[in-house]
Amino acid sequence: MAADDKVAILTDDEEEQKRKYVLADPFNGICREPEPPSNETPSSTETSAIPEEEIDWIEKHCVKVNNDLLISKVFYFFFYSAYGSLYPLLPVYYKQLGMSPSQSGLLVGIRYFIEFCSAPFWGVVADRFRKGKIVLLFSLLCWVLFNLGIGFVKPATLRCLPKIPPTAHPTNVSHPVTVLPMNSSTVAFFSTPPKLLQKRDVQLSETEPNISDIDLVSTALTLTSEPTRRPQTEAITHPVTGLILNTSTVTLPPTGNVTRETTIAVVTTTKSLPSDQVTLVYDQQEVEAIFLIILVVVIIGEFFSASSVTIVDTVTLQYLGKHRDRYGLQRMWGSLGWGLAMLSVGIGIDYTHIDVLIDGKGCKPPEYRNYQIVFIVFGVLMTMALIVATQFRFRYNHFNNSDGKGKEVEIPQVERDNSTESSEETPTAATHSQAFNFWDLIKLLCSVQYGSVLFVAWFMGFGYGFVFTFLYWHLEDLNGTTTLFGVCSVLSHVSELTAYFFSHKLIELIGHIRVLYIGLACNTARYIYISYLENAWTVLPMEVLQGVTHAAIWAACISYLSAAVPPELRTSAQGILQGLHLGLGRGCGAMIGGVLVNYFGAAATFRGIGMACLVILLLFALIQWLAVPDEEEDKTMLAERIPVPSSPVPIATIDLVQQQTEDVMPRVEARLPPKKTKHQEEQEDVNKPAWGVSSSPWVTFVYALYQVKELIQLTRESRASEIQPLQVTLCWASVASAPLLPPCSSKHMGNRKTGMLAKDISGLRSLCHSVYQVA
């Protein structure tokens, strides 16, 4: 009886279709759409409605989730949680190690350059040898090992030194010490070496009768003089720094006929200075050693770990298939994890401190935060991302598309569809490539119109790199806490997500160029506002502008350039833009910004970059007004399928599935189907029995009048052009070709008897002909 069970047969057919669909295109499945209702039996709807009621909430919302995209979401969450818990705090961690702003900016900015160069390299290696999963896992392992190594670097030694103002004629340590006659001998003391106190020379004048009044913390001075003029060298030891100073030459002037040796006894005076007269200084030799060690670790670690995000982005885009515009829905989980991790770690650091050993007395111990918590959290979260990454599936079937053969033999229909689509679009792509090659792309981007947009993209990346590196540095100078840093991170990421979802609407409303105007204006206001801060917590209102100055600017630039080039060159244009904005822009912002902060201070640098934003805004507006006509701006051509990153890590720059370049084209809106008549809807409704023409002449006459009346009513409403032809025309063609039994009689005439239909076949042919003429 199983063969007679139509419901069981339907279930088997549906499972077979699903299996074929999954084998045919494993990366295009986003959600399982409901199967169309079958019209083979009236009871199918009743039987299908029963299981839907029995499906519980867990099976409906969890079982039907796409597992591949779920893995991508979880990976993005853990990876960017680890990234957000550590990397925004690295500049202030370097500051606590005793590094200068220029050194900190170099350590942060060099990552962008290495990442931009190494990520495409490892992507090509992974594709060439088909070892994407191994490269991904190795890069994530390097993330854990090399970054944890930075957290175990021992800080430089802190020394407590007196703050004695220099006199009018300071002497250096390399100058000889001259001792005048004993009645008024003056010893020109030394200054600390330049590596201990930069630009500070200390001179100590002491008279021998008042030598006990030397105002030093601890000084041991030994002088040995002879009546001759023979130079004598002595070693001067400074217990404060614990260093043995260079030897000095002591020359005694003639004191008459004195033949005996004169020896000055050792005088040691210990006296604690007030805390306002001493300062804490890092040992610069140790700081330089720490800087070189971390620099080597960063260069090696970043080279091997930079490819992880590129590979995961590429796999996620393959999972999405034709639905690449949904990349932002996957990537937003990373931004969510970033904000939550940054806030949690910031609160935890505020309640943990470490004790610092100081070489010297009189200095107040500083309040140092325990940043080892950050590295521990980073290691745990990145390890979780490494475990999740083992579940990624890597398919390299796109490399075999040129052979024209597939391993699956059950999907010929899908392969034929893809071949027909590619064959239809091949001539246009060939003509585009002949008329528009890569050098034409370079010439286009070097023009005034698009070159100015690229410069704005670079400068906005410069500003983002500077803010990412030195915003928390400046807020810490204003007594800002890591909890404040976490709140700032949450606000900025919420702003970026909001701007991401509404950026294309904003571009469509006001245009690409005006969005760039707004971004430059917001940057000007934000930087100048930050430069005049006195309370660190007042920075929060300006953090909501992060979405406009980052996400909206990126979307406008990449959409503007993508609309100007043909589809086959969009990947190249995207790579050039990413290189300028994410690589060169942010790297220069961190490194050049560090040099400026080192010489002018953080507040003055913020103010200067804000004024530079204003100048660039005016120049850019002038260029667009003079050199670019208004008709060049096409607001309708939007590259909505290109993802918008909301982090310093660039997205994939290599298009591995080049056969799907047509998927990046702006989608064509589907036309609405023509309006159907009420009778057509009733005829196509499988829940109602078939309503066909009866053998009775009265029913046939009423049926014809009803059709004519409905057609006349629709014609009066000026909708006749949008109406589908009645299905009776199909009956007319079938009747004309089959004199005995029309094929459509099974649908329109129900389960009528064949003999009755044969009697009325001639009348039905004339009826169909008349209705067809009226339609």
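Cβ atoms are placed via backbone N, Cα and C, with glycine included.
Listed in Swiss-Prot:
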| type | residues | note |
| --- | --- | --- |
| MOD_RES | T11 | phosphothreonine |
| REGION | 28-47 | region 'Disordered' |
| COMPBIAS | 38-47 | compositional bias 'Low complexity' |
| TRANSMEM | 74-94 | transmembrane segment |
| TRANSMEM | 106-126 | transmembrane segment |
| TRANSMEM | 133-153 | transmembrane segment |
| TRANSMEM | 289-309 | transmembrane segment |
| TRANSMEM | 338-358 | transmembrane segment |
| TRANSMEM | 372-392 | transmembrane segment |
| TRANSMEM | 453-473 | transmembrane segment |
| TRANSMEM | 482-502 | transmembrane segment |
| TRANSMEM | 510-530 | transmembrane segment |
| TRANSMEM | 547-567 | transmembrane segment |
| TRANSMEM | 582-602 | transmembrane segment |
| TRANSMEM | 608-628 | transmembrane segment |
Feature contact check the transmembrane segment (338-358) with the transmembrane segment (106-126), CB under 8 Å, 3 or more pairs: no
The transmembrane segment (372-392) in contact with the transmembrane segment (453-473), cutoff 8 A, at least 3 CB pairs, sep 6+: no
Surrounding residues of the transmembrane segment (289-309) on its own chain - C-beta under 8 Å, 6+ positions past either end: 79, 94, 97-99, 103, 106-107, 110-111, 114-115, 118-119, 121-123, 126, 135-136, 138-140, 142-143, 145-147, 149-150, 153-156, 389, 649-652
Remote residues contacting the transmembrane segment (133-153) - C-beta distance under 8 A, at least 6 residues beyond either end: 82, 86, 90, 97, 122, 125-126, 290, 293-294, 297-298, 300-302, 304-308, 311-312, 371-372, 374-376, 378-379, 382-383, 385-386, 389-390, 392, 394
Whether the transmembrane segment (582-602) meets the transmembrane segment (453-473): three or more C-beta pairs under 8 angstroms: yes
Cβ-based contact of the transmembrane segment (482-502) with the transmembrane segment (338-358), 3 or more pairs under 8 Å: yes
Tertiary contacts of the transmembrane segment (453-473) (same chain, 6+ residues out, Cβ under 8 Å): 88-89, 91-92, 95, 101, 104-105, 108-109, 112, 445, 480, 485, 488, 512-513, 516, 519-520, 523, 527, 530, 539, 549-550, 553-554, 557, 560-561, 576-577, 580-582, 584-590, 592-594, 597, 602, 605, 609, 612-613, 616, 620, 648
